[in-house]
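Taken from TrEMBL, the feature S-adenosyl-L-methionine binding site covers Arg102, Gly127, Asp150, Phe199. Residues annotated as Mg(2+) binding site in TrEMBL: Glu200, Glu203, His204. Here TrEMBL flags 1-22, 37-48 as compositional bias 'Low complexity'. Annotation comment: TrEMBL describes 1-48 as region 'Disordered'.
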Amino acid sequence: MASSRPATAALLRALRRTSTAPQQSSRAAATSLPLRTGPGPAATTTAAAAAAPLQFRRPSSTSSSTYSSVSPEEVEHFNILAADWWDPHGSSRLLHLMNPLRHNFIRDCLASQPDPSPTPTRFLDVGCGGGIFAESAARLPDTTKVTAVDPTPGVLAIAKGHARRDPALRGKLEYKAATIETLPVPTKAEECYDVVSVFEVVEHVSSPAEFLDRCAPFVRPGGWLIGSTIARTWTSWFTTNLIAEDILGIVPKGTHDWRKYINDDELKGMFMGKGWEMPRVMGVVYVPGLGWREVKGSEKVGNYFFGVRRAA
């Protein structure tokens with residue numbers, strides 16, 4: 001009986017949390033909704049503050065000198081996870097397993113262009129974390145340069161240390177302690193990037209719509225902004241918050257705030273009328289024992305990739 005106590009305790013915690021589970025409507029919120037902002041206890045917000053999904057709240061100031069998309073709580077949380085970032089069985093295990101699908105999706109996006117032939121590619125990886133994607137992108141034969149930025153000191157130190165182990169990355173991969181707001185905006189088309197990637201980032205920033213607007217000038221005409229995020233549904237709350245974090249523990253507690261998730265139709269609306277082509281999306285599902293798999297239609301309920309091409 002003693003061995004069942006942890007599972008029982010986890011189940012009781014899960015049952016207690018169901019009273020503050022997300023509402024079925026994506027635009028409704030409970031009077032006091034848990035706001036998961038880090039490894040510490042959940043905070044609560046008032047009904048007025050919870051009146052709209054977080055991604056539609058505009059920052060009070062959008063001045064380039066004052067506005068930052070970075071949440072200090074998110075930086076603190078990911079600093080804690082830095083040490084085992086490159087452990088394929090550690091806290092970033094699901095990111096390691098997802099990385100091959102990232103490259104598959106990028107190849108599909110580039111192949112859909114009017115001229116799909118391979119060309120030298122420059123990447124800007126925003127919110128690069130420990131460098132799982134940045135390193136793999138730098139090793140691609142058509143890659144000429146990867147610039148990877150992140151505001152989290154501990155995670156960036158891990159990324160730089162790991163890259164130093166591979167001499168072949170020298171000159172192709174550069175890490176910078178920066179945010180999209182502090183990077184110099186390109187003034188010429190040749191200074192822009194062919195692919196700007198934001199994998200597992202937009203659900204962690206303070207204002208996703210504003211953040212994506214800040215990324216736009218870095219994408220060359222005809223280039224791509226490509227990333228991934230999670231739909232805001234009952235299913236995603238159940239799988240990412242309750243199961244993955246609270247019961248199975250395969251994702252560190254506090255990693256996800258359900259209210260920051262973005263439905264694919266909401267995300268598409270963030271690009272409308274701003275010089276982008278129609279976004280494409282691909283739903284993916286984690287299958288235990290098999291890894292991540294593309295599942296058509298699953299972008300409506302959980303994890304998905306998105307890619308949007310800047311008008312040439």
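Using N, Cα and C of the backbone, Cβ positions are placed for all residues, glycine too.
Mapped onto this structure are the features recorded in TrEMBL.
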residue : record                               : Cβ contacts under 8 Å, 6 or more apart
Arg102  : S-adenosyl-L-methionine binding site : Phe133, Ser197, Phe199, Ser228, Phe305
Gly127  : S-adenosyl-L-methionine binding site : Val149, Asp150, Val198, Phe199, Glu200, Val201, His204, Val205
Glu203  : Mg(2+) binding site                  : Thr229, Ile230, His256, Asp257, Lys260, Tyr261, Ile262
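Take the CB of Phe199 (S-adenosyl-L-methionine binding site) and look out to 10 A: across all protein chains shown you find 23 other CB atoms. Shown are the binding-site residues Asp150, Glu200; the one with the most C-beta atoms within 10 angstroms of its own C-beta is Asp150. Around the Cβ of His204 (Mg(2+) binding site), a 10 Å sphere holds 22 further Cβ atoms from the protein chains shown. Of the residues the record lists as binding S-adenosyl-L-methionine, namely Arg102, Gly127, Asp150, Phe199, the two whose Cα atoms sit farthest apart are 19 Å from each other. In sequence order, Gly127, Val201, Val202, Val205, Thr229, Ile230, His256, Lys260 are the residues of the same chain, not among Glu200, Glu203, His204, whose CB sits within 8 A of the CB centroid for the Mg(2+) site.
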